[in-house]
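Asker: Got a structure for you, written out below as structure tokens; questions coming shortly.
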Amino acid sequence: MASPPAHRSSKAADEELPKASSTFHPSLWGSFFLTYQPPTAPQRANMKERAEVLRERVRKVLKGSTTDQLPETVNLILTLQRLGLGYYYENEIDKLLHQIYSNSDYNVKDLNLVSQRFYLLRKNGYDVPSDVFLSFKTEEGGFACAAADTRSLLSLYNAAYLWKHGEEVLDEAISSTRLRLQDLLGRLLPESPFAKEVSSSLRTPLFRRVGILEARNYIPIYETEATRNEAVLELAKLNFNLQQLDFCEELKHCSAWWNEMIAKSKLTFVRDRIVEEYFWMNGACYDPPYSLSRIILTKITGLITIIDDMFDTHGTTEDCMKFAEAFGRWDESAIHLLPEYMKDFYILMLETFQSFEDALGPEKSYRVLYLKQAMERLVELYTKEIKWRDEDYVATMSEHLKVSAESIGANALTCSAYAGMGDMSITKETFEWALSFPQFIRTFGSFVRLSNDVESTKREQTKDHSPSTVHCYMKEHGITMDDACEKIKELIEDSWKDMLEQSLALKGLPKVVPQLVFDFSRTTDNMYRDRDALTSSEALKEMIQLLFVEPIPE
């Protein structure tokens, strides 16, 4: 999933094992999660029993909500979703969303309500018009909002980031409110809850934040709000702590799998980032029923990391081509094609895919066939990039993205997530749609590729790497690397607009399909914005501690 592979001499003997790379720092976590000990069964049972009582109490509150009290209803739904509780109330929330969308009888002069309603509906797949904000524009080009009405200002800023191309009113809302919020932040107490909200939004608008991480960060802020619902607050804390127990057990399982993979395959040159990869994938599939998706995703990401490091830095051209030939056979008899150092890994990879089939059972094991197809396509594209490299070919930006938007692993990741979902709405048609690499997933792949390349290119330019999208853009337009990176950041911003437009146009697919792609985009943005946190993972340490180490005090 990094940039196309560096050139390696083809004269190395097949039996030579690549040496460990000094480029990548060792794991920051060691055996930490391998030694995890869960609470006793009675303790966990008590937590689950209390959570169930609270869930039903909150359900009654939600069922009692109507559009007659629109501000309260909108705020309640936003709060539940932001606290990571929306999954439990999908039916009730869907019913209310339809009523909110259909009911135009509300105070259109209330900027906070208009902003929150717009944000809520667009976030949940309703294509509401942005012209509701036109009445708030001033002759000076700003937006009418009293200086003391800071909450409305923040709501408008966050709502505007659910924008589509050509929505000038939202462009103007972002530029206008950003300046006012930056000024406001300088006058707030730094540790106040509202200052933290403003600061977080200026760094990452609410729509783009990783859901489970946002829940962890928002719970202590919600606790300070005078209008908080005590049952909602207690449930949010308990729910997060229960999820954390599941996450730690999954991390223990994935860490053991990874350690066995590296020990038996003897591939010591690969990046040891299984904890960070689990954190990354967790951000896309954090709801309680998606445990198997998280495990499959993490293992697939681990396998891709190994294959990528083989192709990217350590394998000869001949070795990589042999691996590609064996890969598509999915059979132990193909190991005779491989150099010695790849053979054990190949067998372990086959065993891993068999474990996926076993975990899915007879009714859903067919999903692994689609996952294999996605992985075959990934390796096929890796070989195309090798040919470009060996021929010293620099593609145009458009030509590069036709390959690299897919070779970044977009299809492999989405198919991995869908494979592990218990939801029976995920069908063969869902996988066939995904494997056709439709424009929505292609846009997501371009987003991941560009985000990766902007942060990895400067690090990789000192090595013998094939041109990234940054280099392609530099050559095509005759500009510097810094200027190319700035332009690509604009393209990344456009990708958010593209994905929103394309998601709103999707028909006939389970709603989890676009939701998953957006969650992948959020967690990828968190990994690559301003740094390559997978390679230099110190940047993730505090976030990993928050999600997997530190429970929320009850």
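Each residue, glycine too, has its Cβ placed from N, Cα and C.
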Asker: Could you tell me which of the ranges 178-182, 308-312, 478-482 is annotated in Swiss-Prot as motif 'DDXXD motif'?
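Answerer: Of the candidate stretches, Swiss-Prot labels 308-312 as motif 'DDXXD motif'.
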Asker: How many Å separate the Cα atoms of Asp312 (substrate binding site) and Ser456 (Mg(2+) 3 binding site)?
Answerer: 13
Asker: Would you give the longest CA-CA distance, in whole angstrom, between residues of Asp308, Asp312, Arg449, Asn452, the set recorded as binding substrate?
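Answerer: Largest pairwise Cα separation, rounded: 15 Å.
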Asker: Within the motif 'DDXXD motif' (308-312), how many residues are helix, strand or coil going by DSSP?
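Answerer: So the motif 'DDXXD motif' (308-312) is made up of 5 helix, 0 strand, 0 coil.
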Asker: How long is the line from the C-alpha of Arg449 (substrate binding site) to the C-alpha of Ser456 (Mg(2+) 3 binding site), rounded to the nearest angstrom?
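Answerer: Arg449 (substrate binding site) and Ser456 (Mg(2+) 3 binding site) have their Cα atoms 10 Å apart.
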Asker: Is it possible to get the count of other C-beta atoms within 10 angstroms of the C-beta of Asp308 (substrate binding site)?
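Answerer: Looking across every protein chain shown, the total is 22.
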Asker: Let me spell it out: for each of the binding-site residues (Asp312, Arg449, Ser456), count the other Cβ atoms within 10 Å of that residue's Cβ, using every protein chain shown. Which one has the most?
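Answerer: Of the binding-site residues Asp312, Arg449, Ser456, the most buried by Cβ count within 10 Å is Arg449.
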Asker: Using a 10 Å radius around its CB, how many other CB atoms surround Asn452 (substrate binding site)?
Answerer: 22
